[in-house]
Structure formats: C-alpha cells, structure tokens
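S.K.: Encoded as structure tokens, here's the structure I'll be asking about.
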Amino acid sequence: MNKKLNEVLLKLDQDLIKCVKGSLDLEISGVTYSSKLVLPRFVFFALPGIHFDGHDFIEIAIQKGSNVVVCSRDVDFYSPNVTYIKVDDFNIRKFMSNFSNIFYDEPSKKLKVIGVTGTDGKSSVCYYIYLLFKKKGVKVGFISTVFFDDGSGSLIKNPYRQSTPESTEIHSFLSTMVKNEAQYAILESTSHGLDLETARLIDVNYFAVVFTNIGHEHLEFHGTIQNYLNVKLGLFRSVSDDAGFGVINLDDLYSSDFKNAVKKSFTYSLKSSKADFFVSFIDEKTDSTRFEFYHKGVKYLANVSLLGSFNVENVMAALILVSQILNIDIQDIVDKLNCIKSLDGRMDSINLGQNFSVIIDYAHTPGAFSKLFPIFKRFATNRLISVFGSAGERDVEKRFLQGQIADIYSDLIILCDEDPRGENSMCIIKDIAKGIVNKVENKDLFFIADRKQAIEKAISLAKAGDLVVALGKGHESSIIYKNREVFWNEQEVVKNAILSLEKSEKEK
C-alpha cells in the first residue's frame, strides 16, 4: 500500500503536530514503531518506553529506508531526505493510531467489529464466537491472545507478546481482513489496549461488544479498580451504531454500569432469572458439560465438550452475540455448539498413561483461581498439587489472593516463576506465600523459582489419583526475565517430566 504523506496528514488532527522538518510531498509505503520491521519508505514512530526508547533506534530505521520519522523530542542529527514530525510524548501513541487508521483507509468502518473485554474469559469467548461464525459459513477475522486469522480462514499463533497489538498492527490486520472479504472482525480488547495511554484501539469502530467480568488485575497500570473499570466501560460507550449492542454478564458486580454504557444490551446469568438468558441447570461431567437455559420463556438444552460453569458463561456470551448479530434462531446456534472446543492452554489435560492426572491452564488471576480451584478439587480423587507463580512488574496485590485461594484447595503447593521480568523471583514467590497460612515450607509448600524444576518436583511427588495443575502459562511460548526471554512449552515440559519419572521407576 502506497500513500502520499501530505494526503494522510491532511486528515489528521493538526493540533497534535508541534512541528515538521522536511518535505511533505513524499510517498510512504508502511507504518511501524519497530526498527526491526522498517522497510523502504516506512514511517517510523520513535515511541518512548519503560525499557527501550524508540529515539535510540532512529538512525537504524533511516539506514533501513525510513523516510519519515515521528518523534517526541529533538534528535541529535537530522538526515537530509528524511521528514521529521514532532509531537508531544503524551500524544505520540494517539497520533500513531490516527495515522495508521488513515493510512489503511479506516478498515474498521468496513467491517462489523466485535470487541470482547473483561478480566477473565476474553480469549475463550473470542474463540467460541469465531468457531460459531465459521460453522455458519461467515467470513470472519480474529485477533486474540492466542490466535489470529486475517480473514483468510487460516489460524496462526499470535506472533506478539501482547494480547492487543499496537495500533499499527491492529489497523494493518483489519485492512487485510477487508481485502480478504471478511464481514466481521473479533478483537480481544484488553484494558491495556483500550487505555488512552497506549491508544491501541482508540480508532477502532466497534459494532458489538461483550463484557465477561471484572476482577483484581492490572492495577499496577491503572492504579485503582475504578480506573480499570472506566477503561472497559469506554469500550461500551464507543458503540455508536443504532443497530449495535452489548452482551453483559449480569452476575458481575459491575454489570449495571455496563448496561448503562450502551443503548441496547442482552444479559446472561447463572444466578438470576431476570437476565435475558438465564442458565437454570448445569450438569458437569468429566469431559463435557450439559446445561439448560431460558430465553423469553423458551427452554433450551445444550451440551458442550468443555469443563466448568465458567465455560458455560463463556459459551452463553458467544451464543448470544452470534445469534443476535446474525439475527438467527437461538436453537440454530444451540445445535452448532458441538463445534466449540477448548482453547490451547485452557484446561489442557496431559495423559501419557500415568496413574495421576495433570492439567495445564492459563489461569493467572484471583478471579480465575476462584472459579477453577473448586473444579480441580472435585476432579482430584486423591491430593491436589498446584504449581504456579505471579507476573513480575504487574499487579502486586493479587499475589496474596492467589496464594490464599490455592491454599484453601491445594494439598501441596509449589511456587515458581511465571514471568518475573525485572523483579527478583524469590520476592514474588514470598509475596504469594503471604497468603498461604496452612502449609509448612519444605513439607507441603515449596519455593522453586525455576519453573521446569518446579514442574518436575510436582510430577515426582504425584501419587495415584493425584491431580497436578500447572497454572499461569498455558499457551505462552516464553518466560520473560529482566534482560532475556527464554523459550517455553509447558506441555512439553510436563510430558518430559512424566516420561522421566516413568523411566526412573522402571530402572529401580
């Protein structure tokens, strides 16, 4: 895609631009904030950051062919034939989003964009909506923590560490969806992505939105639960189309706030018959869940190959969204729920014939812990052994809560790394341990920072009928430390630990 720089700038808020040095009569062919991704005639945004400053990479970007640099401070050397656009630090991400949106011809206006937000369940709800659309033969694109689909029908793993990519990638991906003739786009809309400070989603035109729940997460970024809530409410307030609507979990404490933030909404509940969709009965099996729900006085019977009442909530959100946006009969969607399957790293059972069970799950919040641990306890015919950590440079307050919940249900706990980043691993572990009051260190509570060794310890301690749960990583392919990122595959680590145990037992 090629555009004239001046044509793009004419459509932007001129008040955001402090000054321009160089020609505006330039052809540009792309937009990026990463010097690694720069190609000839790319606009390079020098974003300030916590660990890296884009201004330090301006020369590299120019060497690779960038002919336009957007910066928030004066640079040491101005290259001829390069245009420099200066904006405020605070506005540079907003300007990048505005610029990307215009450069890619406002792609979200050519799609019906569905945003899913909440503390827990976002990725699963996005995936279930995607699967139901596909089952109905609808062309759809998809951006989530785990998977992407650019509208071509092919799922790829999310290539970014962020659930919601930067605005340059969002609008580029939406543009590709338009080219691939997708009708709908599903966006996992995180609080980081929705926040005005990151400005990743501010130029996305949403048609329908889903709210799952609010819990204790990301307060290191938002400061207070009210700020966190307001960011998510902003998504609902952004729905301007008269035909647009919201889908809301009525069981959440903040559901009324979300109802008030959107003109039209549909609610679902596992507790209240006042909801538009009320789940009145749930029967959990070891490999599936059967449930019934009512809508406008009509009873529907459904069955899914998923575990847990929390997944019934997720399925209901997807079912309502798809039936309403496509304006089709509820029973039509109920009949197609057999297409729904578990997302990678969610309630992922590892069975190599061992006499104990192992489940891997991405759960990393107190809310997710409170929903999953009762299920784990029911599944464990003997002891429950839990392996988990908590993210470094993230919400510190949740660590105590994670430990507290795990302590109630677990027989043994092994604390380890999740993503320590720049924090000391043992400091994080001890923060979690403050919530664990019913365990004794080195008896039924172990501190093993190395996650591989922690999992191996759990597997070595497992006896017949035990359930080992490894939480917090799920599908993720790396562990982040201060100055390095280490490849990680939880499934392979667990499998290797089981095989090593079996080998050592045979050699005895």
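All positions are counted from 1 along the displayed chain.
In case you wondered, yes, glycine gets a Cβ from its N, Cα and C as well.
Swiss-Prot feature annotations, pasted as is:
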- GLY118, THR119, ASP120, GLY121, LYS122, SER123, SER124: ATP binding site (BINDING)
- LYS232: N6-carboxylysine (MOD_RES)
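Walk me through where these features lie, including what they touch and how far apart they are.
M.R.: Sequence-distant neighbours of GLY118 (ATP binding site) (same chain, six or more apart, CB under 8 Å from its CB) are VAL125, VAL210, PHE211, THR212, ASN213, ILE214, LYS232, ASN249, listed in sequence order.
The local packing around LYS232 (N6-carboxylysine), expressed as other Cβ atoms within 10 Å of its Cβ over all shown chains, amounts to 26.
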S.K.: Would you find the one among the binding-site residues ASP120, GLY121, LYS122, SER124 whose Cβ has the most company, meaning other Cβ atoms within 10 Å?
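M.R.: Per the Cβ count within 10 Å, the most buried is SER124.
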S.K.: Return the residues near SER123 (ATP binding site) by Cβ distance under 8 Å, restricted to its own chain and a separation of at least 6 in sequence.
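M.R.: SER123 (ATP binding site) has long-range Cβ partners SER144, THR145, VAL146, SER163, GLU188, LEU343, ARG346, TYR362.
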S.K.: Using a 10 Å radius around its CB, how many other CB atoms surround THR119 (ATP binding site)?
M.R.: 21
